[in-house]
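Heads up: the structure comes next, in structure tokens.
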There are 2 protein chains.
Amino acid sequence: MTDTTDAGDPREATGALVRDLSETELLAQIFPLLPRGRATLLGPGDDAAVVAAPDGRFVVTTDVLVQDRHFRRRWSSGYDVGVRAAVQNLADVAAMGAVPTALVVSLVVPGDVEVAWVTGLARGLADVCAPVGATVVGGDLSGGDALVVAVAAHGDLEGRDPVTRSGARPGDVVAHAGVRGRSAAGLALLDSGAAAPADGAPGAAGPLAPYVAGYLRPAAPLAAGPAAAVAGATAMLDVSDGLLRDAGRLATASGVALDLEVAALAADGEALVPAVRALGRGAGAALAWVLSGGEDHGLLATFPPGAPLPAEFRPVGTVRVAGGGPGVTVDGAPPEVGPGWDHFRG
Amino acid sequence: MTDTTDAGDPREATGALVRDLSETELLAQIFPLLPRGRATLLGPGDDAAVVAAPDGRFVVTTDVLVQDRHFRRRWSSGYDVGVRAAVQNLADVAAMGAVPTALVVSLVVPGDVEVAWVTGLARGLADVCAPVGATVVGGDLSGGDALVVAVAAHGDLEGRDPVTRSGARPGDVVAHAGVRGRSAAGLALLDSGAAAPADGAPGAAGPLAPYVAGYLRPAAPLAAGPAAAVAGATAMLDVSDGLLRDAGRLATASGVALDLEVAALAADGEALVPAVRALGRGAGAALAWVLSGGEDHGLLATFPPGAPLPAEFRPVGTVRVAGGGPGVTVDGAPPEVGPGWDHFRG
């Protein structure tokens, strides 16, 4: 990747720009890309949508993606950003044990962005939503100097209690569903120039494709959230800021200590070796990605000892009494890598 | 107002900046400002909130405010922006005939913004929500180069059908709740320098205070939405882009013509005379604000002939057969002022 300007994704054909269309015309291009979901009672086009909440409650979360903070236009297509926006929001819904139902999207888009970027965004959102039966039911468009994609996502608990972060108890098994470290590896490859966005384009099959695609379009185990709830998970959260940091949040909320086992994560490190080699780094980089890499959007959950884990989950540690205060250890010792990142301190 | 830089609101004391705090520390300042709502089953702090939907459905809408597009920092305090963000979203909920229950907020905030701006925003959101029993149940924070406030708002239909834009029938009475033209007058006063933001600060009592405050902190008739639904409204929408433009949307969705009566709007024009005089404009400016001024967030609704109107509503016209296609007339003739504004074409 030698292009260092931020002038858009080469995979998107040049065409009409957002400023060439009225808001109504732009919406007319977007709406047909958003199939009706099973919970949609009234879709886009009115002051508000109406969504079914058969359980008499709904879960709701919001997450925002900001150009040059969470994505770069020269790396991420509109489709990629749509996938990420949907995944990071629906992972939060799944982490409560809920089944996703509906999204609304506020999009800030500069006038010189291609219409194809925006329709790509809609396709990315729809492609994540469709397999779980959810859809985009409404949105708002505004001009602005940088792209901002703010999503609110909703889900249904199907009569179950929500699985919060605070229910882990000493003796519980710590388990994880999804990939670990893949997105961080992909980001490092793009950042170094060892891989290009095309290496992670849909359908790309090279040795670095899993990592680059894993950064551009993370795949969250959305069905694993409700499965964990059914299996009796005592606590759960979406791993968005790194395994250590998010495990720390669960530990703090539950007032417990979480001990992660390196042996249980060794296979994750092995899976990252081609990326480590492409970057010429030492083997320690792989474990650092596994423990501290963000944006894989896996699910970290705790289960009562002896409870059968849902198929997507693998045990990665144990909940212990918080003798020295709530926190996370790795093989019984304080972790040696940083705890993740902060949105403002960078 | 001689200050033409965009360096912040003089009403906010200089203090800690957002970049001085971690996200966790900033959230710790915000959460206590958000009282629990009656529908809140699980509030902020987990991956998602849980909100009651006793009706088995919920309405949801999203609207975004962007710095230098929808507000200017030298005019609007964080509190003002919080009020506007809540009002424009809750007005959409009310326009469906629903009672507001919960909001989520995605906030993009540059590091050099004062923490007091952000806590002011939270107070503004809370002050609009509290009287209707709603609250903020979750949010997301991100850095960025410009302030963006994206809200998703939710409401409960209390067992009623949603009031859409498409149910108006020839013979129905067109009625409006809320103020008309006030926000546009306030914007014109600020834009010309004839008034300063301090003229519209909370508690200001000068002759121009209603207009400036009406722009900075519009007051929507939120309770009028459910009242209209109970009274049998056949169609309804929030007037955010001007009476003519939004009436046109209702006419198009319903396949009817809406005829507005100038005589019914004359009192609105009278109420704007002090603003017209302060600007040295002709009397025509007042009617133009009434017909085309946006962001008052009143409710426009249609009612069956003879139906008693809820107290907040005043008749402003009649629904007619769309002989020449759906559209809006004023005293039976095509309107002489522009139809409002477009978000991209400006």
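Using the three backbone atoms N, Cα and C, a Cβ is placed for every residue, glycine included.
Annotated Mg(2+) 4 binding site per TrEMBL: A:Asp47, A:Thr61, A:Asp92, in sequence order. According to its DSSP assignment, A:Thr61 (Mg(2+) 4 binding site) is in a strand. Annotation for A:Thr61 (Mg(2+) 4 binding site): spatial neighbours A:Asn89, A:Asp92, A:Val93, A:Ala152, A:Ala153, criterion Cβ-Cβ under 8 Å with sequence separation of six or more.
Look at TrEMBL and you will find A:Asp47, A:Asp92, A:Asp238 tagged as Mg(2+) 3 binding site. Secondary structure at A:Asp238 (Mg(2+) 3 binding site), taken from DSSP and collapsed to helix, strand or coil, is strand.
Other Cβ atoms within 10 Å of the Cβ of A:Thr62 (Mg(2+) 1 binding site) number 27 in total over all chains. Annotation source TrEMBL lists Mg(2+) 1 binding site at A:Thr62, A:Asp63, A:Asp140.
Marked as Mg(2+) 2 binding site by TrEMBL: A:Asp63, A:Asp92. Of all Cβ atoms in the protein chains displayed, 28 besides its own lie within 10 Å of the Cβ of A:Asp63 (Mg(2+) 1 binding site).
Taken from TrEMBL, the feature substrate binding site covers A:His70, A:Glu295, A:Trp341. Of all Cβ atoms in the protein chains displayed, 22 besides its own lie within 10 Å of the Cβ of A:His70 (substrate binding site). According to DSSP, A:His70 (substrate binding site) sits in a coil region rather than a helix or strand.
Positions annotated as ATP binding site by TrEMBL: A:Gly139, A:Asp140, A:Arg165, A:Ser240. Neighbours of A:Asp140 (Mg(2+) 1 binding site), defined as other CB atoms within 10 A of its CB across all chains, total 23.
Over all protein chains present, the Cβ of A:Asp241 (Mg(2+) 5 binding site) has 20 other Cβ atoms lying within 10 Å. Taken from TrEMBL, the feature Mg(2+) 5 binding site applies to A:Asp241.
Residues or ranges marked as domain 'PurM-like N-terminal' in TrEMBL: A:45-155. Across the domain 'PurM-like N-terminal' (A:45-155), DSSP assigns 36 helix, 44 strand, 31 coil.
Residues or ranges marked as region 'Disordered' by TrEMBL: A:324-346.
Cα of A:Asp63 (Mg(2+) 1 binding site) to Cα of A:Arg165 (ATP binding site): a span of 18 Å. Contacting chain B by the Cβ rule (under 8 Å between Cβ atoms), the binding-site residues A:Ser240, A:Asp241, A:Glu295 reduce to an empty set. Cβ neighbours of A:Asp238 (Mg(2+) 3 binding site) (same chain, under 8 Å, six or more residues apart in sequence): A:Gln88, A:Ala91, A:Asp92, A:Ala94, A:Ala95, A:Ala220, A:Asp246, A:His297, A:Gly298, A:Leu299, A:Leu300. Comparing CA positions across the binding-site residues A:Asp47, A:Thr62, A:Glu295, the one lying closest to A:Gly139 (ATP binding site) turns out to be A:Asp47. Taking only the Cα positions, the spacing between A:Asp140 (Mg(2+) 1 binding site) and A:Glu295 (substrate binding site) is 25 angstrom.
A:Asp47 (Mg(2+) 4 binding site) sits 30 Å from A:His70 (substrate binding site), taking the C-alpha atoms as the reference points. Each of the binding-site residues A:Asp47, A:Asp92, A:Glu295 was scored by how many other Cβ atoms lie within 10 Å of its Cβ, and the smallest score goes to A:Glu295. A:Arg165 (ATP binding site) sits 17 Å from A:Thr62 (Mg(2+) 1 binding site), taking the Cα positions as reference. Taking the C-alpha positions, the distance from A:Glu295 (substrate binding site) to A:Ser240 (ATP binding site) comes to 5 Å.
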